[in-house]
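So Swiss-Prot has the following annotated:
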- 11, 72, 73, 102, 103, 104, 105: ATP binding site (BINDING)
- 103: Mg(2+) binding site (BINDING)
- 128: active site, proton acceptor (ACT_SITE)
- 155, 186, 187, 188: ADP binding site (BINDING)
């Protein structure tokens with residue numbers, strides 16, 4: 001019987017636990033012995049590896065985060081620690097790994113594969129949805145729902161007090177969360193890192209809207225824009241003339257009960273990952289495209305920066 005392990009690396013997302021649950025179920029279904037690696041690549045080095053069973057994943061499908069824990073391992077970037085990790089896997093006869101993470105995690109795992117021949121398949125897992133080669137990453141739908149609920153709640157109080165609210169989403173280099181949540185929440189302004197902006201260009205329009213009876217504004221910004229959220233709020237007060245508040249959603253976006261869509265995508269991602277490893281695709285990332293699931297190698301994933309969908313960007317012109 002072959003042995004296969006799973007770990008989560010980097011930022012956690014809702015959807016990891018459903019993926020972990022199905023990993024155990026589908027591995028056993030295929031005659032494999034499933035193992036958990038705790039605390040990401042750190043767990044490979046520290047030998048925090050245990051055999052998994054159905055009882056270990058009972059009741060986790062509705063939980064956010066990851067029961068395995070996660071980490072950003074600097075030690076795994078060093079060859080001597082990767083050698084320790086290989087010895088720990090060899091002791092348990094594990095030669096296949098599934099990695100829930102981002103492109104940094106996949107690059108580290110690709111080095112490990114080239115050095116030691118441990119086969120792996122990556123499942124894109126980041127709420128930023130910024131991995132090149134896939135149009136969807138695990139956790140994004142749940143994060144968008146968390147953001148949507150927050151904006152809806154903030155709109156209630158904004159309208160009651162005639163205020164503007166600047167709502168900051170995650171997305172240091174990618175404005176996907178801010179843009180999609182703006183479109184789906186009726187925001188009056190959206191600012192993202194990918195698109196240059198000049199706040200003064202909005203002043204006349206905003207003042208005119210207030211003159212015509214608008215009582216509040218919802219402004220959604222990505223954390224990666226050139227101005228911080230406090231500066232946007234100060235602009236609204238000083239130049240537009242409306243009392244303003246800032247809400248930074250922060251790590252709330254990573255939590256929450258996994259949505260139906262993320263549970264379904266977790267199921268599909270895991271199926272394709274295990275099938276790939278059993279089908280002798282030794283080093284790949286499962287990507288979701290407009291035509292379905294495909295496997296891409298790490299060089300293809302990391303060769304260029306993720307770009308927002310041009311159609312989505314075209315909608316930004318409405319703001």
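Cβ coordinates are placed from backbone N, Cα and C, and glycine is handled just like the others.
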Other than 155, 186, 187, 188 themselves, what residues in this chain have Cβ atoms within 8 Å of the centroid of the ADP site's Cβ atoms?
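So the extra residues in range turn out to be 151, 182, 185, 217, 218, 220.
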The record names 155, 186, 187, 188 as the residues that bind ADP; what is their largest Cα to Cα distance in Å?
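If we measure all Cα pairs in 155, 186, 187, 188, the largest is 11 Å.
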Taking the Cβ of each of the recorded positions and counting other Cβ atoms inside 10 Å, which one has the highest number: 103, 128, 188?
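It comes out as 128.
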Secondary structure at residue 187 (ADP binding site) (DSSP, helix/strand/coil)?
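Looking at the DSSP assignment, residue 187 (ADP binding site) belongs to neither helix nor strand, so coil.
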Within 10 Å of the Cβ of residue 155 (ADP binding site), how many other Cβ atoms are there?
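Other Cβ atoms found within 10 Å: 17.
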Identify, in sequence order, the residues in the chain of residue 11 (ATP binding site) that are 6 or more apart from it along the sequence and have a CB within less than 8 Å of its CB; answer 'none' if there are none.
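In sequence order, the residues whose Cβ lies under 8 Å from that of residue 11 (ATP binding site) (at least 6 apart) are 70, 102, 126, 127, 254.
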State the Cα to Cα distance, in Å, between residue 187 (ADP binding site) and residue 128 (active site, proton acceptor), rounded to an integer.
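Residue 187 (ADP binding site) to residue 128 (active site, proton acceptor), Cα-Cα distance: 19 Å.
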Please list, in sequence order, every residue of the chain apart from 11, 72, 73, 102, 103, 104, 105 whose Cβ lies within 8 Å of the Cβ centroid of the ATP site.
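So the additional residues around the site are 9, 10, 101, 106, 108.
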Provide, as an integer number of angstrom, the distance between the C-alpha atoms of residue 72 (ATP binding site) and residue 155 (ADP binding site).
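Spelling it out, the Cα of residue 72 (ATP binding site) and the Cα of residue 155 (ADP binding site) are 36 Å apart.
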Residue 104 (ATP binding site): which of the recorded positions 128, 155, 186, 188 is the nearest Cα neighbour?
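Checking each of 128, 155, 186, 188 against residue 104 (ATP binding site), the shortest Cα distance is to 128.
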Select the closest residue to residue 128 (active site, proton acceptor) from the following binding-site residues, measuring between CA atoms: 73, 103, 155, 186, 188.
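Closest recorded candidate to residue 128 (active site, proton acceptor) by Cα: 103.
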Among the binding-site residues listed here, 73, 105, which has the most company in the form of other Cβ atoms within 10 Å of its Cβ?
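Top count of Cβ atoms within 10 Å goes to 105.
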Counting Cβ neighbours within 10 Å across all chains shown, tell me which of the binding-site residues 102, 104, 186 comes out on top.
102
Please give the ATP site's span as the largest CA-CA distance among 11, 72, 73, 102, 103, 104, 105, to the nearest whole angstrom.
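Largest Cα to Cα distance for the ATP-binding set is 14 Å.
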